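Student: Attaching a single structure in structure tokens format; questions to follow.
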């Protein structure tokens with residue numbers, strides 16, 4: 001058989017790059033009900049410690065084993081999870097879901113007069129009263145570009161724009177640039193995936209013909225030893241793709257995501273918001289949503305909730321970080337960019353209904369109604385509520401390019417009740433900082449486990465994942481654990497405790513996160529955040545004990 005150009009080094013490298021950039025960070029084989037199918041070293045590693053297991057976890061297990069055997073929590077902490085939705089029926093969250101005691105489920109009445117009908121476990125800000133829900137959304141820059149194009153598409157120079165509108169015109173240009181660049185990127189990515197699919201089909205065809213089978217499995221491929229040069233070349237190439245993360249499942253996921261990018265996220269004519277019949281720029285227009293806190297795709301909010309609150313030592317799934325904790329589920333994040341109004345209202349709902357901590361594992365590059373969120377954050381601060389936010393997964397410096405929402409308000413001041421979280425890996429080496437994690441000496445507060453995380457998936461399943469989306473709930477969980485034993489602390493004091501007790505590695509050099517280049521450079525891990533360290537529950541509990549004792553003496 002004639003040798004195929006399929007196996008040329010140039011094509012292989014190009015496809016390897018496509019593979020690395022395109023495949024999702026979720027489990028390569030999809031969610032499973034069998035927790036034992038995962039590498040045992042990864043399950044619950046975020047609870048482990050540098051001292052015992054030699055991994056850069058939170059030392060939560062040490063807290064329970066060494067500090068709390070004879071102690072009783074002083075209160076239950078409510079953590080609001082503003083996310084894509086939470087599967088509140090998951091086996092590993094039973095007894096961990098917040099219930100609005102003032103609301104009667106299913107009677108169609110607003111029993112507690114809080115403005116939300118049947119909000120028993122939280123609220124879905126992405127649905128309507130008829131039970132219809134938004135799944136996908138556009139990116140914020142698409143919405144801005146669509147809105148402002150009729151005003152500025154014909155303008156050729158900022159000098160031709162009235163002074164009062166020049167800032168808006170600059171916003172239009174930024175949104176247009178972001179749209180053009182992302183569209184070109186995703187179109188190229190789609191083409192690369194299609195070409196990769198053709199190569200995969202060709203290679204698998206060679207192997208299937210050799211084996212006399214219609215379809216081949218990874219085990220089949222590994223079992224090929226005595227074959228022609230072309231078959232062995234095909235075998236080697238396919239195995240190398242598996243080493244890079246390819247599986248049929250992950251490739252199918254990448255194809256589906258590519259379609260979502262082009263058909264929903266970047267589609268100028270796609271506007272699912274009409275389903276809600278509200279004005280997304282009017283904060284007073286609040287009569288929308290429904291009590292469906294899971295929504296059509298709770299595959300992001302469920303693992304977030306699991307890391308905070310999954311039942312410990314129940315012989316099921318994983319061990320969450322906090323025990324005396326309840327999850328208030330607030331669905332406000334679609335697949336695509338969330339709306340500022342929904343986030344602002346979700347924060348206010350959480351505060352008004354008793355949340356102590358709000359976890360926010362989402363972000364975007366534009367925030368046209370930022371003042372709505374700023375005011376909600378200030379409201380949370382006035383009620384002693386701590387907010388924990390993921391730094392983002394663009395390998396970017398948040399000091400230079402913000403990932404909204406941010407603690408920095410429009411007037412330049414900082415919200416003091418806010419923690420911004422980057423992602424670290426298991427081992428203390430040059431890869432300690434997650435290669436995707438955003439960072440920032442001025443804007444990121446601390447790091448927490450966010451690489452090779454095993455957590456919950458909807459329908460009593462489990463999955464492997466990574467991202468600062470999962471570092472944030474690790475910090476929320478540690479905060480809830482500490483606050484359940486030391487409720488005397490204010491939100492600001494709790495934040496101070498968490499930052500002052502981080503695990504420090506002043507001499508550790510790590511690769512600076514960079515997804516765009518193979519040329520990696522090293523930098524001090526301590527320079528990537530304000531605290532320079534990784535959240536440590538054990539040290540936080542010790543420091544909280546000391547701080548509360550000092551407060552008692554003063555009082």
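Note that Cβ sites are derived from N, Cα and C of the backbone, with glycine treated the same way.
As annotated by TrEMBL, signal peptide applies to 1-27. According to TrEMBL, the feature domain 'Peptidase S8/S53' maps to 75-502. According to TrEMBL, the feature active site, charge relay system maps to 83, 300, 469.
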Student: I'm trying to understand the geometry here, so how far is the Cα atom of residue 469 (active site, charge relay system) from the Cα atom of residue 300 (active site, charge relay system), in Å to the nearest whole number?
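Tutor: Distance (Cα to Cα, whole Å): 8 Å.
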Student: Could you give the Cα-Cα distance between residue 83 (active site, charge relay system) and residue 300 (active site, charge relay system), in whole Å?
Tutor: 7
Student: If you skip the near sequence neighbours and keep only those at least six away, which residues in the chain come within under 8 angstroms of residue 300 (active site, charge relay system), Cβ to Cβ?
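Tutor: Residues satisfying the criterion: 83, 84, 85, 333, 361, 469.
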Student: Counting across all protein chains present, how many other Cβ atoms fall within 10 Å of the Cβ of residue 83 (active site, charge relay system)?
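Tutor: The answer is 28 other Cβ atoms.
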